[in-house]
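Chemist: Pasting the relevant annotations from Swiss-Prot:
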- His54, His58, Cys128: Fe cation binding site (BINDING)
Amino acid sequence: MPLLDSFRVDHTIMPAPAVRVAKVMQTPKGDDITVFDLRFCVPNKSMMSEKGTHTLEHLFAGFIRNHLNSPTVEIIDVSPMGCRTGFYMSLIGTPSEQEVAVAWKKAMEDVLKVENQSDIPELNLYQCGTCAMHSLDEAKDIARDILKSQIGVMSNKELYLSEEKLKSLGN
């Protein structure tokens, strides 16, 4: 099985909250697609709650679009990581990590403005696969944690695992 890019970085030294360009690729027509690692929690130290992550998924995807989409950037998808330490964001364009960090911060401020559970978008049986698994309070706790710290920028060069280390890990 091929080793995915996300497993080529050293999770033991990964900071949070922080932004990382996880991948850049070009479509056959020449459009740039950038995948960002938006790390909310330090891996293997903490993780977002299940209900909070799910609620944040519903809120964050819309709010960050409000602050980052532009004539040169269009978000394709914002999805939580299975490890619940962050989100991946795929988009057309190449915004800087700093631009992404600013939009992320503004989106977290927007989360804190949501007043009621009933204000969570697409929270119904028809549009959500597990509509009972939500908590606005837990999503707000996650947002507050992000806003307490400055969102940093991760360096792939510093995080990449050497070929020697990957081999020693069985890859």
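Including glycine, each Cβ sits where the backbone N, Cα and C put it.
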Chemist: With Cβ-Cβ distance below 8 Å and at least 6 positions apart along the chain, what are the contacts of Cys128 (Fe cation binding site)? List them in sequence order.
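Modeler: Sequence-distant Cβ neighbours: His58, Glu122.
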Chemist: DSSP three-state call for His58 (Fe cation binding site): helix, strand or coil?
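Modeler: In the DSSP reduction, His58 (Fe cation binding site) maps to helix.
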Chemist: State the count of C-beta atoms found within 10 angstroms of the C-beta of His58 (Fe cation binding site), not counting that atom itself.
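Modeler: I count 20 other Cβ atoms within 10 Å of it.
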Chemist: According to DSSP, does Cys128 (Fe cation binding site) fall in a helix, a strand, or coil?
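Modeler: DSSP assigns Cys128 (Fe cation binding site) to coil.
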Chemist: Taking the centroid of the Cβ atoms of His54, His58, Cys128 as the Fe cation site, which other residues of that chain lie with their Cβ within 8 Å of it, listed in sequence order?
Modeler: Thr55, Glu57, Ile120, Glu122, Leu123, Thr130, Cys131, Met133, His134
Chemist: For His54 (Fe cation binding site), just count the other CB atoms lying within 10 A of its CB, please.
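Modeler: Total other Cβ atoms inside 10 Å, all chains included: 24.
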